[in-house]
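Let me begin by presenting the structure, written as structure tokens, before commenting on it.
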Amino acid sequence: MVATRPMLRAAACALAAKHLHRMCQGDSTRISQLAHLRNSPLQWTSGAIDWKYEAVRLYNQAIHHLKEAIALEIPDDRREEMFAVVAILCMYELIDAPSTEWRAHLSALPFLSGGTPDGSSPTSTLPYSLLHISRSVFWSLVRQDCLSAFVNETQTRLNLSNLLLWRNFGLTISSYGHLLSPSPHVPPPPHGPWLDEDTLSNALIWIIGKIINFITSGDGINPGDFESPPGQRPCFGTPQEDLLERWKRLDFELRAWHDSLPSSFTPCARTRLHLSKLAPMPLPSTNTNTIDAIIFTVPMCAVTIQTYHMAQILLLTNMPQESTAIRSTVTARLRSYRRIEESVVRHAREVCGISLAGLPDAILSHTVQPLFVAGQCFEGTAERGLVVELLRRVECDTGWATEYRVQDLRRQWAEEGMDTGIIGSVVVMDQFTHKFGSFSSIVHGLVVSSILIPAAFSSFFGGKLADWVGRPRGISIGALIFGIGAAIEAGAVHLAMFIVGRVVEGLGEGLYLGTLVVYICEISPPKQRGPLTTGPQLLITMGLVVGFFTCYGCEKLPSSMAWRTPFTVLACISILFSAAAFLWLAESPRWLTLHNRPDDATRAWDHLQVSATDREDLVEEEEYIHEEAITHPLAPTGSILAPNTLDQVVSRHSHRSRSTGKKGHEATLFDAFKPDVRSRTLLGLFLMGMQQMAGIDGVLYYAPLLFEQAGMTSDTASFLASGVSGLVIFAVTIPALIYADSWGRRANVILGGIGLTTMMFLIGSLYAADAVHQSTGAGRWVVIVSIYLFAAIYSVSWAVSCKVYAAEIQPQRTRASATCLAHGSNWVANFLIALITPVLLSRSSCAAYFLFGGCTALTVGVCMVWMPETRGRSLEEVERCFAKGD
């Protein structure tokens, strides 16, 4: 028939061409990852044929023939062909369409059931059009309708209450709307023969459609009430007892269907498999870590039973609770909950077991939704990993899109410097979760944030180390430790080992990052000190870009090297940087002066090519600091714990040591809280802590997860979006560094804070109003653009001004200790943000944004009241300004 009907031939060939295109042009990495699940490796070559072009050409040809058939009055014997073409073209669209776009291709289905698209009541007679649809074509459309309703959580398009419709296509239904099942003691019904295997499978689809409609209608009196926005739903709904009665009828009908099945729906064999063989990970040999591969004689019966288990899970998890007016005990209710949970997990394992038996490719697409439902029932990493592999095998073997369901599961499981650019992308890599499993949002946050507290701890001692061994050696030691930590991460075989690597990495980062800034500060002439001392910020943003795109390039690697390679590159760069700092960086002349080595300091200035004029400016600055140190005998001893400052490293101790060789009294952290400086210390602590509470590292660490949440469902799009974020930050940092000394600190923080608050509240409001959808509407693009703007505004304002201001406002005697505390608060806040961001994102799509926006708004208010301007003022003027307030 296909060979002699041009319209049908074009539609069938279009679907076949698209199938070949998706098979030939599939993700080679994913194919190689899943090849071990097949008996032979997957080898797909497209040859010289452009299957994508052929699919589009044949699709347009079929559409042209279909339009002609609709416009012309074709004979009745050709109407079946027209409906068959419609079913095939719907499959063509649905094979790779985003889930939320499925409904558009099925909008005409209500006309087939004798109703209208708005869901009005069914007719009492069968529409004329249905007299010319074969049973196979009709049930193909029914399956598509139920699938679309389930994916989109809406009512079915076809009217399931039109008994005449469903009887006409093979179902034996009583006048009360119940499916009649065969029984050896009951004669065949008058409406037709007892159900055969094919019709039994169709009957289950009809029951599932009723279950979906029950779930999506909620407690609405009218089924469509639940689809209305939350604020527009009716105030009154169906009583709880009535809902429970509906549920019981559906449960009875589903059980009756299952009890009437012939022996062909019974498994012929079960083979016990250990989950560690299916997804390599260390697991003990227990019953919970094994699963049965369930084999059926008839493949269609296998997928039908799999769908039955999905229906049972949907019913059990959506069982209405009994009215609270009915007396019950806590023990009884908890027992019922545990019973439901045990049953749900048992059905989920049956779903996976049927897929493990190796079903034919022709029916694999029917396993996608049962596997998705089963995946929501598991808590173990091995079972979750198995579900992901089974889903991806379907797409690999058939071309039917499953990745959107994988991403849905990962979101429900709460799966998102250069290390900052790497870690956010690595933890959402499939190869990473394949190795370490899927873990909770709390563990996810711990993995990401485990670098921060060690960095905060080591930063308290970085100054002493640099004062003892010198600036370049301090930088070299910190970078070497950082590289060792990255190497441990690259070679991790357990999640605990990976976290240990991040802890070691944090210790190194805390040692070298502040020392690097102070080293640049010490060797920079005063006129160029502003841009030069904030130069490391530019290097950090460059590291973000390199980290993001390193991960993007490694994403296609077929093994764990996809996530190991970025850390290997990071370790190599860190070790090379450590060696370069040790061998080629000249010692700081100021450090040499502090250690009573003036001749070596002179040679260092010559090596650094600092002019005599600039040296005179530096000498004058030292003399001012010396005078200030005499005024305040508690001057620090050259600790470099305060990045972005110079004065803190040249103190009264340096001048005394040159003249007398004696040490002065060292300021402690507690001196920063003495009455005369307490207010400015608290202001510095507040600014540096709230700098992180604005959420910038939440955006950077979890950028892939944020963009997936905003609608970019593929990993590739998510990585690219994260890389663009890094490029934006890098680009806007350049003018921020150039004009850092020209913009006022206070104005920059306040105006930047207003911009940050606006962006966060805008994103949070869009999510709260349910205006962000993954494939439709402008809301998702507003979110993505707002994230870019947030990163850009932060980089030109708070990223620079807060750090500089926290050091500028302190007097010489407490600048080191107070700035040390301020940077410690920054690290701690950074840890909290990295820890709570995935938890907030898993609980609510808007909570994290409102939290960040509220923190920035609070900071703006505090700065308006208590933050004086310091730009253009000498250190003496800044001191007098705060002395009035103190």
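Every residue gets a Cβ built from N, Cα and C, even glycine.
Taken as a whole, the domain 'Major facilitator superfamily (MFS) profile' (405-871) shows an average pLDDT of 72 in this prediction. Per TrEMBL, domain 'Major facilitator superfamily (MFS) profile' is recorded for 405-871.
Per TrEMBL, transmembrane segment is recorded for 442-463 (among others).
Residues or ranges marked as transmembrane segment in TrEMBL: 475-500 (among others).
According to TrEMBL, the feature transmembrane segment maps to 506-525 (among others).
For 537-555 (among others), the entry in TrEMBL reads transmembrane segment.
Long-range contacts of the transmembrane segment (567-586) within the same chain: residues 418-419, 422, 426, 471-473, 475-477, 479-480, 482-484, 486-487, 489-490, 501, 508, 519, 523, 547, 550, 604, 607-608, each at least 6 residues beyond the stretch ends and with a Cβ under 8 Å from a Cβ of the stretch. The feature transmembrane segment is assigned by TrEMBL to 567-586 (among others).
According to TrEMBL, the transmembrane segment annotation covers 682-707 (among others).
Residues or ranges marked as transmembrane segment in TrEMBL: 719-740 (among others).
Summarising the annotation, TrEMBL assigns transmembrane segment to 747-769 (among others).
The feature transmembrane segment is assigned by TrEMBL to 781-806 (among others).
The transmembrane segment feature in TrEMBL is assigned to 818-841 (among others).
Beyond the ends of the transmembrane segment (847-867), by six or more residues, the same chain brings 679, 683, 686-687, 690, 693-695, 698, 745-746, 749-750, 753-754, 756-757, 759-761, 763-764, 767-768, 805, 836-837, 840-841 to within a C-beta distance below 8 angstroms of the stretch. The transmembrane segment annotation in TrEMBL covers 847-867 (among others).
With a threshold of 8 Å between CB atoms, the same-chain residues lying at least 6 positions outside the transmembrane segment (475-500) that come near it are 282, 419, 436-437, 439, 443, 446-447, 450, 458, 462, 465-466, 469, 506-513, 515-516, 519, 564-565, 567-568, 570-575, 577-579, 581-582, 585.
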